[in-house]
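**Q** When I checked Swiss-Prot for this same protein, it listed these features:
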type	residues	note
BINDING	Leu79, Val80, Val81, Arg87, Arg88, Gly89, Ile90, Gly91, Ser92	acetyl-CoA 1 binding site
BINDING	233-235, 240-246, 272-277	acetyl-CoA 2 binding site
DOMAIN	1-148	domain 'N-acetyltransferase 1'
DOMAIN	151-296	domain 'N-acetyltransferase 2'
Amino acid sequence: MTEWVPLLDNRRQLQIRELIVEATRADGIAPVGEQVLRELRGTGAKHLVAEDGDDVAAFLNLVVPDEAASENATAMAELVVAPAARRRGIGSAMVREALAEGGAGTRVWAHGDLPAAQSLATKLGLVALRRLHQMRRALADLPAIRVDASVTVRHYLGPQDDSDLLRVNNAAFSWHPEQGGWTPGDLADRFAEPWFDPRGLFLAHDVQTAKLLGFHWTKRHLDKPGMGEVYIVGVDPAAQGRGLGHLLTLVGLHHLAGLGLETVLLYVESDNQAALRTYERLGFAVALTDAAYGRA
């Protein structure tokens, strides 16, 4: 039985988390992003659940943007199917339902763009409309940090920094379907994550004006020993050209290395050539690519 569920009960939440772990173990990559895990306990997403008896055989998360969302926002779906329930048409049926429910422009993420996902997309007549690279590098032999005299860098101090952080984030990512248009609630959700460390959120200010110019939010993967992440690097468009992206990224890398981590990863849009060049100069290389499929 497959049905849309407005609110997941504790049993289903637990089974879905176990299903995600099982699929990750089978495929070598997580089938859904961290946002899906946050939304399991809320009402911000639509939940499509396929059950085999009392067990969850597949789960689809669908986020439909509201009227206040970025104009670039589209409905986004993420799907996980139990390894034992695959090749039975469950996944394709659920994707069809998501495309109908989400409306025109709906996209479905395929993490790692695995052959099975490519085959399903071909079957449904979908094409890759967006690609997101995961890049990695070792945290050894980092370049030295050189801070321009016109800039100061410090870590996050508390709620007094929130309005400036939102301002820069939403200016830097005004074009981005997920990262743009953040509210105080979006910050609060991430501050509530077990991995959040205020000492790992770095803010760059102009020395003369004290204005926030950019930030780098780092993340330590608690479930992957030795792994860190360049979670978000955002620079105010008005401050572009001052080398802040390079500086902030490097400050965060040194912080992660100081925690004893061995490897760092980040995600970047495949068509963001400026960011790609910055990260390549810092020694990052593409490790895998996620694809968002939809109708052309």
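Using N, Cα and C of the backbone, Cβ positions are placed for all residues, glycine too.
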**Q** When the Cα-Cα distance from Val81 (acetyl-CoA 1 binding site) is computed for each of the binding-site residues Val235, Gly241, Gly243, Asn272, which gives the smallest value?
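**A** For Val81 (acetyl-CoA 1 binding site), the closest Cα among Val235, Gly241, Gly243, Asn272 is found at Asn272.
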**Q** Would you list the DSSP helix, strand and coil counts for the residues of the domain 'N-acetyltransferase 2' (151-296)?
**A** 52 helix, 46 strand, 48 coil
**Q** Taking DSSP as the reference, which of helix, strand or coil describes Ile90 (acetyl-CoA 1 binding site)?
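**A** In three-state terms, Ile90 (acetyl-CoA 1 binding site) counts as helix.
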**Q** Provide, as an integer number of angstrom, the distance between the C-alpha atoms of Ile90 (acetyl-CoA 1 binding site) and Gly245 (acetyl-CoA 2 binding site).
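**A** Pair distance, Cα basis, whole Å: 43 Å.
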**Q** I'd like to confirm something. Which of the binding-site residues, Leu79, Arg88, Ser92, has a Cα closest to the Cα of Gly243 (acetyl-CoA 2 binding site)?
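**A** For Gly243 (acetyl-CoA 2 binding site), the closest Cα among Leu79, Arg88, Ser92 is found at Leu79.
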**Q** By the count of other Cβ atoms within 10 Å, pick out the sparsest of the binding-site residues Gly241, Gly243, Gly245.
**A** Gly241
